Amino acid sequence: MNIVFRLDSSNLIGSGHVMRCLALANALRERKVKVQFICRNLIGNSIRVIKQNGFEVIELINKPNIQWEQDAKETISYLKQMEKPDWIFLDHYNLDIKWEKEIRPFVNQIAVIDDLANRQHDCDLLIDQNYYDKKICRYSNLVPKSCTKFIGPRYALLRSEFKEARSLLKARSGEVQQILVFLGGNDAGNVTSFVLSAIEEIPLLNNKEMHVVVGGSNPNRDKIREKCEKKGYHYYCQINNIATLMAKSDLAIGAGGLSTWERCSTGLPSLVVSLAHNQDVLVDNALSTNIFEYAGQANNLHYTSFKKQLLELILDSEKLRKMSINGLNLVDGLGSDRIANYLLYGTTNNGNNSTLCNN
């Protein structure tokens with residue numbers, strides 16, 4: 001089987017698309033599937049991360065104001081040079097049914113990874129790993145009736161390291177000794193520095209162990225490193241063992257994207273900041289599950305109220321303990337395996353290969 005991923009990353013788009021596609025790509029490679037990536041060489045991209053994972057990346061030239069027609073034309077030119085892909089996976093908020101119809105003659109099947117449900121798709125498979133309270137399918141009128149839809153955190157595309165970390169977990173007491181701060185790969189709004197400044201002003205946290213993680217494309221990473229060195233915090237840049245940190249931490253301050261499901265799979269309670277519109281959608285729908293507490297949108301955080309909320313959460317061990325249990329019950333870390341098994345065998349390994357629109 002031959003599978004191609006089409007996605008982009010940049011200092012504006014973020015790295016979540018890359019991480020979830022890499023999770024599935026690795027699960028497929030473990031099953032002897034040939035995987036290639038097609039990515040545009042945008043400023044602040046994460047192409048290097050894909051290559052470090054051992055995958056071939058076909059790089060599209062970065063051009064200003066690229067339109068979908070040109071993108072499709074360039075993508076097709078490379079598809080023609082390879083054995084006809086069994087699947088192409090599209091994880092891109094700026095491409096839709098028009099692009100997919102152009103691509104279709106050059107691939108056997110099309111899969112879309114999305115969480116916005118704001119445009120039509122011509123696809124055979126759709127994955128939306130987010131939680132939705134309403135037990136209806138958001139994509140009813142946006143994809144063909146024949147499209148198989150896997151929706152909910154059961155299909156969260158997590159890397160295998162999260163399965164391994166989960167298997168070694170011990171029940172959390174709700175007591176906080178170690179805190180993880182990770183606001184996404186790019187954190188263009190520098191929320192990390194905001195959070196660290198707030199932590200500095202909470203005396204109770206002076207004796208806590210802090211783990212601060214940034215991505216390699218974070219424009220403020222050097223200043224954050226200097227602050228961490230000054231305060232004695234552990235600093236990590238572009239690491240591949242985030243699951244280990246999540247497993248041993250007692251509380252996270254993090255973004256509302258893919259890392260929400262990563263934290264759940266390791267039972268890590270969190271105070272969440274939304275960094276983008278797609279994260280707003282995730283947070284709004286998942287609040288009812290009590291897997292995190294919500295601090296607000298990144299551009300609307302208030303310093304005093306954030307400190308108060310963080311301190312109150314740290315002191316509420318029962319709430320943190322329940323968050324941990326709820327997260328573990330919601331996400332088991334096997335989503336990538338389920339999708340990979342469906343692609344190869346037509347089943348998610350639980351005997352269910354029907355259209356799923358619930359959580």
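All residue numbers here begin at 1 and follow the chain in the order shown.
Backbone N, Cα and C define each Cβ position, glycine as well.
According to TrEMBL, the feature active site, proton acceptor maps to H17. Annotation source TrEMBL lists substrate binding site at R159, E262. Annotated domain 'Glycosyl transferase family 28 C-terminal' per TrEMBL: 179-326, in sequence order.
Features as recorded by TrEMBL, highlighted on the structure.
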residue : record                       : DSSP (3 states)
H17     : active site, proton acceptor : helix
R159    : substrate binding site       : coil
E262    : substrate binding site       : helix
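Taking CA atoms as the reference points, R159 (substrate binding site) and H17 (active site, proton acceptor) are 13 Å apart.
Neighbours of R159 (substrate binding site), defined as other CB atoms within 10 A of its CB across all chains, total 23. The most densely surrounded of the recorded positions H17, E262 is E262 (count of other Cβ atoms within 10 A of its Cβ). Residues belonging to the domain 'Glycosyl transferase family 28 C-terminal' (179-326) score a mean pLDDT of 96 in the model. Of the recorded residues, H17 (active site, proton acceptor) and E262 (substrate binding site) place their C-alpha atoms 14 Å from one another.
For the domain 'Glycosyl transferase family 28 C-terminal' (179-326), the DSSP counts in helix, strand and coil order read 80 helix, 29 strand, 39 coil.
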